[in-house]
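So the structure is just underneath, and the comments pick up after that.
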Amino acid sequence: MPKREDIRSVLVIGSGPIVIGQACEFDYSGTQACRVLRAEGFRVILVNSNPATIMTDPEFADATYVEPITPEYVEKIIAKERPDALLPTLGGQTALNTAVALHESGVLERYDVELIGADFDAIQAGENRERFKEIVAKVAREHGLNAESARSVICHTMDDCLAAVGELGYPLVVRPSFTMGGVGSGFAYDESDLRRIAGAGLDASPTTEVLLEESILGWKEYELEVMRDKADNVVIVCSIENIDPMGVHTGDSVTVAPALTLTDREYQNMRDVAIAVIREVGVDTGGCNIQFAVDPRTGRMIVIEMNPRVSRSSALASKATGFPIAKIAAKLAIGYTLDEIPNDITRETPASFEPTLDYIVVKVPRFAFEKFRGADRTLTTHMKSVGEAMAIGRSFPEALQKALRSLEKSGSSFSWAPGELPAKQELLDACRTPHDGRLRTMQQAIRAGATAAELYEATSVDPWFIDQLFLLDEEAAELAAATELTAGVLERAKRHGFSDAQIGEIRGVGEARVRDLRHALGVRPVYNTVDTCAAEFAAKTPYLYSTYDEENEVPAGERPKVIILGSGPNRIGQGIEFDYACVHASFELSRAGFETVMVNCNPETVSTDYDTSDRLYFEPLTLEDVLEVVHAEQQTGPVAGVIVQLGGQTPLGLAQALKDAGVPVVGTSPESIHLAEERGAFGRVLAEAGLPAPKHGTATTVAGALSVAGEIGYPVLVRPSYVLGGAGMAIVYDDETLSGYMAAQEGGHPVLVDKFLDEAIEIDVDALYDGEELYLGGVMEHIEEAGIHSGDSACALPPITLGSHDIKRIRAATEGIARGVGVRGLLNVQYAMSAGVLYVLEANPRASRTVPFVSKATAVPLAKAAARVMLGATVAELRAEGMLPAEGDGGTLPMDAAIAVKEAVLPFNRFRGVDTVLGPEMRSTGEVMGIDRFFGVAYAKSQAAAYGELPTKGRAFVSVANRDKRAMIFPVRALADLGFEILATEGTAEVLRRNGVHAKIVRKHSEGPGPGGEPTIVQCILEGEVDLIVNTPFGSPGQSGPRLDGYDIRTAAVLRGVPCITTVSGLAAAAAGIQAIVRGDVGVRSLQEHAQALRG
Amino acid sequence: MTEALLVLEDGRTFRGTPYGAEGETFGEMVFNTGMTGYQETLTDPSYHRQIVAMTAPHIGNTGVNDEDPESGRVWVAGYVVREPSRVVSNWRANRSLDDYLKEQGVVGIAIPGTRALTRHLRERGAMRAGIFSAPAEPVEALVERVRQAPVMEGADLAAEVATAEPYVVPAIGEKRYTVAAVDLGIKGMTPHRMAERGCEVHVLPATATAEQILGLRPDGVFFSNGPGDPATADVEPLREVLASGTPFFGICFGNQLFGRALGLSTYKLRYGHRGVNQPVQDVRTGKVEISAHNHGFAVEAPLEGPFDTPFGPAEVSHVNLNDRCVEGLRLLDGRAFSVQYHPEAAAGPHDAAYLFDEFCEVMNRAQA
């Protein structure tokens, strides 16, 4: 059945900002979908609020809307574009929910938009627990399959509960009905637990009802990725096994593909159930995943859930097998059947097959608990990881060890370092609770003498995986005992995935010595192809992974090669923005005649798609792994250069070592990078350029710090000198707090003390420099004042309060830095403007997080231009080519240019109990962009995209620090004028009243309820009586009273999902946004239209 | 540890460690791409005289149980894996694969280069090989011995693996049909799938004559899978069955014999199909089945349109979408049909199980 001819235009919905649980895997899937649809000749209309995505590049759709993904905005887009069809299955739950809302409100029917790739009944059947249970039961009955749902009993009294135990056994799960956010749920291990939890649950439930469910904690957990076409052809693309058994969210589990501990009978039963369930649910076409739990003692199988859409696991399965699920899902949605679609990798066989693997894939999650002090680190069914790394090896140990080192986090890899170990029992006890790095804890327990049985008892991890850890321990012992590091000994260690660094640690020699010896002995990895078919057919696509095996499959090169180092697993501070830059470089350099080679280990990304670059190496980004890739590529032809500037800190950190090893690093040289990163050297660059920096000093003791602070004056910004990315930073206003901060530091490490420019305007600049000419990409003005990490603060481009004179100064200063440092390519500089003085805060000679935002706001592909500059093109040449504007730059945008606002998205709803106040340490996971002719509207859009619409009426609660009291009056009055009822704590209310704004006084949390039962503000928020919260923090950590009040207010705001503004400038922007919404002049405009306006 | 050697007839060698029984063994070197089902594969009589390499790296993880074998013994001539499991992890398992292979006297080898071996066979075709657990001679001498082993072309093997005496697999539930199943290397799951559908299956030796077959007055006749070159088989009995008008169903070797009975020829594939992920299209419906395969020979037949046979017009019913190889034949009157792949699966997906239903329908129609 060929492509449908009755559809001409398709609306694709993306997934919005990167949040925990919904990350750049949907950029990958959406980008694939857009490419397919355009290649098939459809007009593609795209909506996604996330400017950091590849899919929102204007070249991937005919009309790209960077607008909030809410039913209201999508309706506006539908009304304007009148698409024939809507494809909602490639943008995660966000897209699916939006599509359902548009269907339910009748919008799709009104505008005659057909939903493709999904079916409403199927979505409902898949997502409704009860209906899904019935489906599973029916399938098992009618097909005679081993499948069921977890057994459960609904109870209304304690007697009911006790009776249910006979059927369900302990432990069991207690779930009170109709309580908010699962309040009152818990595990009961015995009768006293049950009486306590179920008793409280019955009380808490408005219907005096609890659901008791059998516990499947500790069961084996599996997933199948399934595709179905409209002719009812179904294939299983991949099976995935969770090493962490049931109880840990699959996104937080270490997983392996294919499943390794099932016999064919069990696997085929699972396959039969998956197919029967999908048919019964009625998934029309496309990809979906289905999860299973298997009782390791009996093989009883429970179907947990299914997702009728492309998911994070689909991205993983696509990268693990070479079967591009999203691309094929898009083709199926427009009418093709699986047998009509060729397998890209073999080119000769069709997509209607099931990939078979002759390698093992391991995925490990990356967490960021260090960014969220106070967060519970226990892994549960609530996902907490912020990214993941995947690795491929010819055996499980090889893949696992590669995956762990791909995390690029010290302490992630297995270690056999000499020294005292904790006691065995202590380690075993630690293993009982799932946590970040549990496999390593298990490995350490093995070193401390734990047996396989003890580890199984503590973790329920399948004995096969436990044995593999023992195997690694035995291999490490052999390696340690070898009299000499011969080729044979090294080969054997390498086959088990030991890195040069691990071998060095075990042998007590340096990593470099191990590598030299290994190279001298000729022990090198080969590169095998991910070919979908275990070598049954020849692969045409060079998608490669390293392994210590027999045959190298790297094809011969045809053109000079450029190797682009990616950014590794997503983490806070290094995410999709860097993947964007790498992908752009690859597209552009391929166009410019180079053979592009991508190296990365993040399965969620577009960069790890096999058709993004000419060659893809799915490899860890450690020095060892990168050097081997460079070596392998050099064997097949000349390497023109390695790009380290675009993937964030990860590749940048390798620059010097690569250069030292003779690798041609292109762009800004490692020496220049050092000039920008080392404080003293950078100070000299600034001095030469005549640019001021805030006063600063260094201290190692309390007394020393107090003396520096006395000299430069409070407030000061303090941070340990040995950490990057804002970790451990704080702004300090007084001696007492500074002493406390210093006392808490590890002894001897120097602390940097900088003058903190209070109330300064912070400015971010992205620029391009070729050695002669500077192209100012964009000037972004932060909406929050200085002191908040640039990644967490909202910003506007073009800047809203800076004049052309200021921009001229900024351009001159940026050029001075670019020249002084010796930049070739991109440069990001952060400035603070205070009392008319432009201070330089820091400079990063690399692609920054804001490059995609700037590119989209100014309609100039900065990363592409940077890649060209790195390989020798000049700004003048790029202007002549038309890649850069013929004249002017991002600092000379026309007066009527649209204003783009970037807003950060923070994951506080995942980390209950963590303070939400923004500070110098970055904690956001993603970003959105709002764009409009008017700042207020652009800001309102950014808020709608990030957190939900700003309220236009109701109650606003205001409580601000003394220093903010003057600045808040004007915007609060604006809110009052718009009809908001203003609530305030006593001090704030007084100031407002004196300035003619009526404010009702509410009790502080610390005051407790009043004598007449008057509630505190926290109670008001929890009761849902407050629509907008303005709370600026004061005091510092460790203090009680007002500081704690703010914490409780903000925590309550997160719990209830009430917008909470924590800066006065944010308040002013919000007031302007609310005014714009109330006026009703909020329209939508595509990036293509914006670009037209800028050029015209 | 001792070093074992896998030697191919073209002189390529792979070093590894002994696995399973020690000694030496010879056979046709083939690879299987299934990621599950090693126990079913090992006990599939069609692998008689073949050394099987598994492309999936970890083998033996779930040990061995008493329920999954497809016959009473291991049939492969030798076994090549990459990472043998050191432990057994499955609630049904009662011993390790290593012990099982030792007990069955199957010589195996664990080599790192299973992918290199597969690529070699893909490019040069299936060839003879030998595994030597403790090679005592120089490689050249071993290659020479490998070259002295018999080739698969022209090998008549069915009788070596088939039952010597007839036996009956009773119907599960109500008996509806009598099936005469000629055992050319039948797998246990095949009569089981028929029995589930009410067939009483009379399994006959490979040498069964038409009189013996038709003497059972069966509702349908079945020819099973099996090892060897179909060109060596006597198709007269099958011709007589077809001439009698009795419904017929064949699998694998049975398909090849059906083809030859219809006057078609068979040929040897370069490296065959062995795995559980092969896309086969039903020509009538256009539907694709993911199917289990184990064949080194195939039938030569026109893919488009019917062709004449002594038993009436016939057509190719199923085609492999990977290489357009013939995967099924049927007489247009529907009374006789066969497939080259394995609807009984074991190991493999169950997508093609409907073919057993079709066989029953044909018998049902013939009864009426």
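Here the Cβ of each residue, glycine as well, is placed from N, Cα and C on the backbone.
Automatic prediction, not curation, is the source of TrEMBL annotations.
Binding of ATP 2 is attributed by TrEMBL to A:Arg719, A:Lys755, A:Leu757, A:Glu762, A:Gly787, A:Ile788, A:His789, A:Ser790, A:Glu842, and the same site annotation extends, among A:Gln656, A:Gln830, to A:Gln830. Considering only the binding-site residues A:Asn307, A:Arg719, A:Gly787, A:Gln830, A:Glu842, A:Val248 (ATP 1 binding site) has A:Asn307 as its nearest partner by CA-CA distance.
At the 8 Å Cβ threshold, with sequence separation of at least 6, the domain 'ATP-grasp' (A:683-871) lacks contact with the domain 'ATP-grasp' (A:139-334), having fewer than 3 such pairs. When the binding-site residues A:Arg129, A:Gln291, A:Glu305, A:Asn844 are ranked by how far their Cα is from the Cα of A:His789 (ATP 2 binding site), A:Asn844 comes first. In the three-state DSSP scheme, A:Glu305 (Mg(2+) 1 binding site) falls into the strand class. Counted over every protein chain shown, other Cβ atoms within 10 Å are most numerous around A:Asn307 among the binding-site residues A:Gln291, A:Asn307, A:Gln830, A:Asn844. In terms of Cα spacing, the binding-site residues A:Arg129, A:Glu221, A:Asn307, A:Gln830 that come within 10 Å of A:Glu842 (Mn(2+) 3 binding site) are A:Gln830. Within 10 Å of the C-beta of A:His789 (ATP 2 binding site) we count 21 further C-beta atoms, all protein chains included. Looking at the region 'Allosteric domain' (A:948-1096) alone, the prediction's average pLDDT is 85. Note on proximity: among A:Arg129, A:Gln291, A:Asn307, A:Leu757, A:Gly787, the binding-site residues of the record, the Cα nearest A:Asn844 (Mn(2+) 4 binding site) is that of A:Gly787. Annotated pair A:Gly787 (ATP 2 binding site) and A:Asn307 (Mg(2+) 2 binding site), C-alpha to C-alpha distance, rounded: 42 Å. Considering only the residues assigned to ATP 2 binding, A:Arg719, A:Lys755, A:Leu757, A:Glu762, A:Gly787, A:Ile788, A:His789, A:Ser790, A:Gln830, A:Glu842, the longest pairwise Cα distance works out to 19 Å. Closest to A:Gln291 (ATP 1 binding site) in space, going by CA atoms and restricting to the binding-site residues A:Glu305, A:Asn307, A:Arg719, A:Leu757, A:Gln830, is A:Glu305.
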